[in-house]
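Structure first, commentary second.
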């Protein structure tokens, strides 16, 4: 089944480029940039990838991102991810990048963007993988800081297709960012937002009604609110679900408890994604395979999930 799932044409719609930084590349970039790491070797770092919640993961994620300093670093990061896409027949990807993670430590916005954009362009020309880049605001920072990030991004508006919202969810509702999302839409960008991962269903309502999103990232807690479920089904609002991430961060205790197939069978436009694959133990195919292994996902369900991902693209072919 793994090989069949791997060969299935699919799109990935929920992937943080910084979260695809494999330990081997992290160590190589640290050496290139002469950065001392707190881990003695790759295996020690891998052992640190045990998380009880979203915040524990984010602490390590931001620490790891510190090795990314030059446009070449961001190119190498993105290119390594695109090679994984090629291996797994991901024919289209819409990755996130978090400029604030880098600008807050003194890396110029254009250094980050130039490296990523060059790799995505080469990915289309050399690997045949189409893409649309999403600029994501960090929700644990202020709305004013998000506005400043949008200011920095506007001169490069052609390089990305949408804005998103990620990082620590609890205590940072979508409503906190309503004005910056209004402005981004006015500037011509599409919008997506993480909601209903650790946060309550109310955050999903806010993302839909206040941020006017095209897609919900995660959204697994929608199932707790029947009226919300009906709206998501009626309006066919896609959910970019990340099964391995959800179990690794204890949103579900075990994959056998995951609700993605229940939502699929109810008519929700759910998709399968890897989120931060270097940290969560798998890329898209591994996520599909986990659903087969632990939830008995059938080939028919896998085909529908893959088709949903192609249908839910922001960048249409």
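Any Cβ shown, glycine's included, is placed from N, Cα and C.
Computed from a predicted structure; not experimentally measured.
Of the residues proposed, 92, 194, 254, 294, the one Swiss-Prot records at the same Zn(2+) site as 14, 16, 275 is 194. Proximity to residue 276 (substrate binding site), defined by a C-alpha to C-alpha distance within 10 angstroms, is shown by the following recorded positions from 14, 16, 194, 197, 218: 14, 16.
The Cβ of residue 197 (active site, proton donor) has 24 neighbouring Cβ atoms from other residues within 10 Å, across all protein chains displayed. A sphere of 10 angstroms centred on the C-beta of residue 16 (Zn(2+) binding site) encloses 28 other C-beta atoms. Residue 194 (Zn(2+) binding site) has a Cβ environment of 29 other Cβ atoms inside 10 Å. Between the CA atoms of residue 218 (site 'Important for catalytic activity') and residue 197 (active site, proton donor) there is a gap of 5 Å, rounded to the nearest whole number.
By neighbour count, meaning other C-beta atoms within 10 Å, the densest spot among the recorded positions 14, 218 is 14.
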